[in-house]
Amino acid sequence: MDQRQAAPVRPGQTELETAPDTIFALSSGAGRAGVAVVRLSGPAAGDALRALGGRTDAPRLARLVSLRDPADGAPLDRALVLWFPGPKSFTGEDVVELHLHGGPAVVEGALTALAALPGLRPAEAGEFSRRAFDHGKMDFTHAEGLADLIAAETPAQRRQALAQMDGCLSRLYEGWRAELVRCLAHMEAAIDFADEADAAHAGADLVPRLTALRDAMAAHLADSRRGERLRDGFTVVLLGAPNAGKSSLLNALSRSDAAIVSEIAGTTRDMVRVRMNIAGFPVTLVDTAGLRESDDVIEREGVRRARAAAAAADLALVLVPADTLGDISETEADARVAALVGATDGPARVRLASKADLAAAGWGPPTGWLAVSAATGAGLDGVSERLADALGAAAPPAQGTVLTRARHRRAVEDSLAALDRFLAVAAAAGDGARDGGGDDPWTPVDGDLVLQAEDLRLAVRGIGRILGRVDVEELLDVVFADFCIGK
């Protein structure tokens, strides 16, 4: 008996419209390689494999097969072939993987042969993962974790993506949603069976339960956007007066010649960005125009952009040349920084005495400052360590459940707002009952039940949007458009 599961029919679709094509794509990287993986998924995947010369009698067993073009029998490659009958596959459909030699001509020949077979077409971006979602192989948070893993540039990003793929967010949100659904069921019972005393009082504990859930959501949101910052990368901006050594430090830290270095003050007019990995954290280091008053229109615009970049950054490296500091105190040095870059509003600051090689012999930086010389390399390790400490403090813990996307944050905020409305009405109704001489806690018989039930439905819907449990169609294209072809 065939146990395979068809993709569910979504509202507004007919059975004919849900009959999927069989899709194929190069799932490994483009260009020359030792091995190139071509993936097929759909009802004609097995037929396509047999047409190429393979067999489908041994699922999940790697076989070496001489592949031939079905059109003329010409050899294509000797490849390792795997057959995964649905639903036990990545997509839940019949899946074939062709592990070819990675030469461009080999890959092109295989893709051309597949395109000529009836019922097959090239996959769109993210379509394999979209089909996995349609067949219940993953929810939205799992799919987004997979996309983040593919895009991960650093170990910290990889760990966060793997945790999300492992279901840490899914379990949290599913738990919240289940509790909200249970509470909503009690509210619905109070509305539908208002004459039944048991139904009316079944939800007498709703307020403490929903208060605890509301507090958990608020704590989840109060994470300083740590997960989102790690996923998107941290921004570190270099600030200072003209010719303070910002461009030289950028080049030294990034080990590149990304920024033009000149003794002429004001060389940097626009921002220069370099992507880096600092202690496992993804960082965009931004060189900016020197901060000073100027009559030059272009330089003034550069200064404006520098200040705007600083306001949006996660961390600022503020440079003051060491030979201009002398023996001033930390307070005096910090006052000079404040005069240069403004008040304390904005990102955290690491204060650097730059061009330390030009300072007098025996000179030391003010307390809390780091001396650094891009010319000699002295102090660069200290700057990297200070950056790593600051980024580590801003990053999410290695173990924990954090928000990773603005979409999740908006959905939790919507659910929290709905719960706040519910609890406000409950509090007012309870106060009214006590003013009338009662001392019992709030129950679903107090207040406007229909409005309160609607607030609970909105809270359920908000969390459901994260998981793809409601309003699915409007999110599918957004979520899976981030994937590459072949995933």
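Here the Cβ of each residue, glycine as well, is placed from N, Cα and C on the backbone.
What TrEMBL records for this protein:
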type	residues	note
BINDING	ARG39, GLU97, LYS137, LYS487	(6S)-5-formyl-5,6,7,8-tetrahydrofolate binding site
DOMAIN	233-392	domain 'TrmE-type G'
BINDING	ASN243, SER262, ILE264, THR267	K(+) binding site
BINDING	243-248, 262-268, 287-290	GTP binding site
BINDING	SER247, THR268	Mg(2+) binding site
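Cβ environment of LYS137 ((6S)-5-formyl-5,6,7,8-tetrahydrofolate binding site): PHE90, THR91, GLY92 lie under 8 Å away, each six or more residues apart in the same chain. Considering other CB atoms within 10 Å as the measure, the emptiest surroundings among the binding-site residues ASN243, SER247 are those of ASN243. Other C-beta atoms found within 10 angstroms of the C-beta of GLU97 ((6S)-5-formyl-5,6,7,8-tetrahydrofolate binding site) number 22, with every protein chain shown included. Under the three-state DSSP scheme, SER247 (Mg(2+) binding site) falls in the helix class.
Cβ neighbours within 10 Å of ARG39 ((6S)-5-formyl-5,6,7,8-tetrahydrofolate binding site), excluding its own Cβ and spanning all shown chains: 23. Across the structure, ALA289 (GTP binding site) and ARG39 ((6S)-5-formyl-5,6,7,8-tetrahydrofolate binding site) place their CA atoms 49 angstrom apart. Rounded to a whole value, the Cα-Cα separation of LYS246 (GTP binding site) and ARG39 ((6S)-5-formyl-5,6,7,8-tetrahydrofolate binding site) is 48 Å. Computed over the domain 'TrmE-type G' (233-392), the whole-number mean pLDDT of the model equals 85. Between the CA atoms of SER247 (Mg(2+) binding site) and GLU97 ((6S)-5-formyl-5,6,7,8-tetrahydrofolate binding site) there is a gap of 49 Å, rounded to the nearest whole number. All chains included, 26 other C-beta atoms sit within 10 angstroms of the C-beta of ALA289 (GTP binding site). In the three-state DSSP scheme, ARG39 ((6S)-5-formyl-5,6,7,8-tetrahydrofolate binding site) is classed as strand.
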